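According to Swiss-Prot:
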ACT_SITE  142  active site, acyl-thioester intermediate
ACT_SITE  235  active site, proton acceptor
ACT_SITE  237  active site
BINDING   163, 192, 249  substrate binding site
SITE      111  site 'Important for acyl-CoA specificity'
SITE      192  site 'Important for substrate specificity'
């Protein structure tokens, strides 16, 4: 089934070129199908890239999904064409009276800031509180996961001595969740973080389950079954060249950045990276849609 996105959204052209089944919102309205309603709070400066990555991993399921994109009103994005935001995004106030089947909150490049120093922190916590009643299931990514953990559970992020950067092996710790149904015991995931959450603090919260982690990269996937909240600290949705673009961007800015580990063939940044995480990414998002978003609705 298709992913329903605005007719002229740049992501649609990209996904159509990849033979990903998309459907424009105007065409979808002519069908008598109740699509799953998923709202995406996109906090990334690279909005087009991020919305494309998320649409791609949500598109390959038997379920029809309609995306609603929102951005913060308390902070005006500076790296995105204002016309793109006007045409394809809403603010929270414009959608707060609606009910959604799913919520996705992306990461954001504000990891090292204290929570209250983030311009949109108050707005974000309002959205998180709203989601308790207005959203069936939530998925939080990277900094979004850390922010939600702090808000709902009081667990603080910790700054790493150096950026954790590369493609790391992860291991399933708990198979009881349908989120990891069909996963291999060990799998690769792109990681790009300056901060982390400590496992011992998570284990102190009885309602949180650690589903997957890495001996090198730390926690990857947490699940709060009762509240239908999923916390994903890394980036299985990343494109083949995302870490490469981040590496070259930081080098051009003169920032301290090491070569992403386990990424370039022979650790040579002149070679094209090989994607070794795509199937895990697709399975995780498919499981989230099926078991956390759709099946509770159908009971």
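Glycine residues also receive a Cβ, built from the backbone N, Cα and C atoms like all the rest.
Feature annotations (Swiss-Prot) mapped to structure.
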| residue | record | DSSP (3 states) |
| --- | --- | --- |
| 111 | site 'Important for acyl-CoA specificity' | coil |
| 142 | active site, acyl-thioester intermediate | coil |
| 163 | substrate binding site | strand |
| 192 | substrate binding site | strand |
| 235 | active site, proton acceptor | coil |
| 249 | substrate binding site | helix |
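Residue 111 (site 'Important for acyl-CoA specificity') is surrounded by 20 other CB atoms, counting those within 10 A of its CB over all protein chains shown. Separation of the C-alpha atoms of the residue listed as 'active site' and residue 163 (substrate binding site): 19 Å, rounded to the nearest whole number. Proximity to the residue listed as 'active site, acyl-thioester intermediate', judged by a C-alpha distance within 10 Å, picks out 111, 192, 235 from the recorded positions 111, 163, 192, 235, 249. Neighbour counts of Cβ atoms within 10 Å were taken for the recorded positions 163, 235, 249; the minimum is at 249. Shown are the recorded positions 142, 192; the one with the most C-beta atoms within 10 angstroms of its own C-beta is 142. Between the farthest pair of Cα atoms in the substrate binding residues (163, 192, 249), the distance is 14 Å.
It is 11 Å from the Cα atom of residue 192 (substrate binding site) to that of residue 111 (site 'Important for acyl-CoA specificity'). Counting only the Cα atoms, the space from residue 111 (site 'Important for acyl-CoA specificity') to residue 163 (substrate binding site) is about 11 angstrom.
Distance from the CA of residue 235 (active site, proton acceptor) to the CA of residue 163 (substrate binding site) is 14 Å.
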